Amino acid sequence: MEATNGTNNMQLFSYEQVYKVDFDAATGTKIAVVVLMVVFFVYINCIMLFALKSKSTFHESPRYILFGHMLFNDSVLLLVTAVMYGMSLALLHVAKALCLLLVLISSCTFQNAPLTLALMSLERYVAICFPLRHAAIATQKSTAIAIGIIWFLSSLNFVTDIIYEFIIDPNHLVKITFCTREKLFVTKWQADKAQGFDILYFVSVLLIIIFTYISIIVAARSVSSNKDSAHKAHRTVLLHLFQLGLCLTSFLYSTIERMLYMMTGSSSSLFIHLRYLNFLIVLILPRCLSPLIYGLRDDAVRPLFRYYFCYATRKVKPASNGV
């Protein structure tokens, strides 16, 4: 046990050393790039949310309620992740209460993304395979309950860590710390548990999406009168599978970072640059692209998005037809 604690402490010490870099022009440029990228794509997401809010039909459709939830969730994740990354580069130490809140939000929104994709695939599955029961099953109330369940599932892992920390250290909130998840929870079983939750969620979502994909293909072949709708749903679920692949890259972020640290060894400067590219390409970029790809592909959302995005020039008019 002492050897394990010693290894964990050495790893945390090593990570803290590579964080300790001079705040020079290059560091400022890195933060600026992250902030500008996050602000731009959050702005895009907000336009899409405003477009969804502009029509009452979107409020009543579970499909678009889930899409709106995905936009909101990814926007919050991008903002919180950018704040935490900026804090790490600035070597800012904060109270553990604030750090716990930030990590809790980032952890929940991180897990919510694949779970939301699973719900969206199930909604399309019900719409195609059980069209007569779709209106009764996929209601606004059931969609809200499903969203609440995925928030509960996504918070389960981190909440157990918080409860454990309070049990072993009642004064946990008042301490000052360098805000990373590794600094909050240092025991091996917590890291293993977090990895187990990641694997469980990803495998479960993968199985759900594959099941709905195959079921919709079978439905499309057996029901000739509904082939067009089934074909659209088939493409939508295939898109969910692609989005799940983007989520997978985010799940690999910590593993890639550990591998980079092991390969670079004592070259902390190289690790800093590689860690930044890993953060930008593996963690941030997929969260930016996923809602954008889904929204611009949708025939009902795309005209409204173009209208509100180009609102100042008034070159694009909103579509007059309904969803």
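Here the Cβ of each residue, glycine as well, is placed from N, Cα and C on the backbone.
Long-range neighbours of the transmembrane segment (31-52) within the same chain, counting only residues 6 or more positions beyond its ends whose Cβ lies under 8 Å from a Cβ of the stretch, are 58-59, 64, 67-68, 71-72, 74-75, 78-79, 81-82, 85-86, 89, 279-280, 284, 287-288, 291-292, 295, 301, 304-305, 307-309. Per TrEMBL, the feature transmembrane segment maps to 31-52 (among others).
If you look up TrEMBL, you'll see 44-294 marked as domain 'G-protein coupled receptors family 1 profile'.
Feature annotation from TrEMBL assigns transmembrane segment to 64-88 (among others).
The transmembrane segment annotation in TrEMBL covers 94-122 (among others).
For 143-164 (among others), the entry in TrEMBL reads transmembrane segment. Same-chain neighbours of the transmembrane segment (143-164): 62, 65-66, 69, 100, 103-104, 107-112, 115-116, 119, 123, 184-185, 190, 193-194, 197, 201, counting only residues six or more beyond its ends whose CB sits under 8 Å from a CB of the stretch.
Here TrEMBL flags 199-224 (among others) as transmembrane segment.
Here TrEMBL flags 236-256 (among others) as transmembrane segment.
Residues annotated as transmembrane segment in TrEMBL: 276-296 (among others). Outside the transmembrane segment (276-296), and at least 6 residues removed from its termini, the chain residues within Cβ reach (under 8 Å) are 30, 33-34, 37-38, 41, 44-45, 48, 67, 70-71, 74, 77-78, 81-82, 85, 113, 239, 242-243, 246-247, 249-250, 252-253, 256-257, 260, 302, 305.
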For the domain 'G-protein coupled receptors family 1 profile' (44-294), what's the mean pLDDT in this predicted model?
80
